[in-house]
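This report concerns only the one structure given below.
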C-alpha cells in the first residue's frame, strides 16, 4: 500500500472518481422533485435525495472494491480481469452459483440499459435551455438524439472502458462543481438567501434575465483550474504532477477554488452593467 505523498496521490485520484460518480446528480436531481406537492417538507426531499444517491453509491463502490481486491489477490481473477475487464472478476464471483450466477451476470449486463433512462429524460429537459426554440421541440426528439449519441460514444469508449470511464467521470465532475458554485453563490451572495428576490415569472423571458456572463466566467476559470489539477489517462496537469511520484487528481479542488473566486467578480460586473 502506498504511503506518504504517493499514498495521498492515489487517495486523491480515487476520491475524484467517487466524487464525480455521485456529484453528477446535482444537475438533474431537481428534475425528479419538481412535481412534488408544494407542501412537501424540505427535510423529506433532502433525505430522499441524499439516501437515494448515497446508499446505491456505497453499495456499488463496495462491490467494486471487493472485486478489484479479488483481482489483485487471486491469479485466476487477475487473469479474468486482464482478459475481460470489469466483468471478469464479477463472473468469477458468481461462478459458484452455477446457472443462477450466469443469470445474475446477464441481469448485471442488461442493467446498464435502464440506468440510462434517467439520463435521457434529464437530457431532454436540459436541452430546452438551448433557447426558446428548444421548448417547442418535442422532448422525444431530444431523447432520441441523446440515445443515439450515447450509444455511439459508448461503443467507441468500450474499446478502452476503464480509462474512458475515468476520463468521462472526471470531466462531468468538473463542470458539475462549477454549476454547484454558480447556483450556491448566486443564491447566497446575490439573492441574500431569500427566495423572494427571484422573479419566478421571468424564466422564459430572456430580456428579463441576465445574459450569464458571471456563469461563463466561472466556467472558463473553473476549467482553467481543472486543466491545472486534473490527472487522467491521457493528461497529467502541472500541479497534479507535483503530488506524489505519479501525480494525484486535484482537479475538483482547483475547479471549485477558481470558479468560486471568478463568479462573484464576473457576476457583480454583469449586474452593475445590465442591472439584472
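Heads up, the Cβ atoms here are built off N, Cα and C, so glycines get one too.
Going by TrEMBL, these are the annotated features:
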TRANSMEM  48-68  transmembrane segment
TRANSMEM  140-159  transmembrane segment
TRANSMEM  165-190  transmembrane segment
TRANSMEM  211-230  transmembrane segment
TRANSMEM  250-268  transmembrane segment
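Among the stretches 48-68, 140-159, 165-190, 250-268, the one making the largest number of Cβ pairs under 8 Å with the transmembrane segment (211-230) is 250-268.
Same-chain residues lying 6 or more positions outside the transmembrane segment (140-159) and placing a CB less than 8 Å from one of its CB atoms are 116, 119-121, 123-124, 127-128, 134, 165, 168. Long-range contacts of the transmembrane segment (250-268) within the same chain: residues 12, 16, 19-20, 170, 173-174, 177-178, 181-182, 185-186, 189-190, 210, 213-226, 228-231, 237, 239-240, 243, each at least 6 residues beyond the stretch ends and with a Cβ under 8 Å from a Cβ of the stretch.
Taking Cβ pairs closer than 8 Å, the transmembrane segment (165-190) reaches residues 16-17, 19-21, 23-24, 26-27, 157, 214-215, 218-219, 222-223, 226, 230, 232-234, 249, 251-252, 255-256, 259-260, 263-264, 267, 271 in its own chain, all 6 or more past its ends.
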